[in-house]
Structure formats: C-alpha cells, structure tokens
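Some notes on the structure that comes next.
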Amino acid sequence: MTKAQNVDPSEIKKFEEMASRWWDLEGEFKPLHQINPLRLNYVLEKADGLFGKKVLDVGCGGGILAESMAKEGATVTGLDMGKEPLEVARLHALETGTKLTYIQSTIEDHAAENAGTYDVVTCMEMLEHVPDPLSVIRSCAALVKPGGHVFFSTLNRNIKSYLFAIVGAEKLLKIVPEGTHDHEKFIKPAEMMKMIDQTDLTEMGITGLHYNPLNDSYKLGRNVDVNYIVHTKKY
C-alpha cells in the first residue's frame, strides 16, 4: 500500500454528498455539533489549553471541531481528503471570521513534510473510515512535537455498539444516515492501545461518550462500550 492509498473512495463520496449540510444544526451532522463541546473541553483540559498552540485536526470534514479550537486561540490546520467538505469549511470560517487553514491531503503525505510540527493533533471519528488506521495513528505520532498531545476518538466493536450505533442511531432513531458506519471497521480499545504501542505515543487516559435518547443529550463517562476518546502524549 502506498501512502496515497489509505483512502476509501466510497467514504469520501459519502461525506461529500452531505457536505452542504455540515453546519445544519438539525441535519445529518447534528450529533457532531452536540458532542463538539464535550470533545473540545476534553482536549482543552488534557492539553492544558490551546491558546498559542499549533493544532492539526485530522479528518476535519466541514470544520466543526477545527473552528472551535481556532476560537480558543490556537493556530489550527484542518486536514481532509474531501474537496466539498473543505470548501464548506472554508466558507463557514470566512462567514464567522475565524482564522484557520484547510488542506486537502492524506495524513501520510502531510506527515512526510511536517514531522514534529504540531503541539496538539486531534483525530476524531475518522479512524473507522480508513482502510489502515495504524498508518493514520503512526502519522499522527510523527506530526506531533515531543511533549505534545494526540487525541483519537472512534467506536468500540461489539454487540452493544452495533445495536446503539447502527441499529439504533442509523435504522431506528435516524440520528445519522443509514450506511454512515461499518461495524467491521469499529476498533476495540485493546486494538487501539496495541496500535498506539507501535508508535512514540503513550496512552494517558480513555473516556467514553454516552448518548441519552430520552433527552437527546451526550455526556462523557467511564463506560467505553460504544464511543470513546483516547488521550495520548509523545515523550
């Protein structure tokens, strides 16, 4: 596999078709808007703030997390392979007066040219959409400076996550479009830790992300059965 091949064209196409609705708070990306404050606060807490830091958001899509980190005073670069989502992200940043940079590139190509550049790297809800997640994790490790932080979020692979993320979220509640996720691409925490151990990163903590359908809200917690976030640091 070459560096340029760690892309699933069907995944890119799927998100490009929804690109115009990235910033619709009641559209397909509503869950990302709902969980963004939780993700942002987790990053802020674990990375000791973002002000003045160089940050890379891998798989940034329409820029929901990237823009919020820029508003915290970080110098943010958003990276994605989808042309349409990036155009939406650039337009929204222009409309809101948010200063950040968006680049269409694979993480592997970006890492080859920018090793040790960033204080913080975020890779949220992206690993389950690529053929080779280890390649992405290795590239994130290469891109962050020694002493820097890398954050990964994805979905666990088990019966509960299938029932919650696919049967519940996609088929019954229609929270996200059907076909958004492939359960076979979900990553168990033990598998995630094994991949992290093959890099210069050290796992610093893991937290679960929980959805309550009764009040349509999310919270962080200890249970990592479905969604989870991993905090790592490069020593």
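Residue numbers in this text run from 1 along the chain shown.
Every residue gets a Cβ built from N, Cα and C, even glycine.
The following features are taken from Swiss-Prot:
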type: BINDING; residues: R39, G59, D80, M124; note: S-adenosyl-L-methionine binding site
Here are the binding-site residues: D80, M124. Which has the lowest count of other Cβ atoms within 10 Å? M124
DSSP says G59 (S-adenosyl-L-methionine binding site), in three-state terms, is coil
Largest pairwise Cα distance, Å, within the listed S-adenosyl-L-methionine binders R39, G59, D80, M124? 19
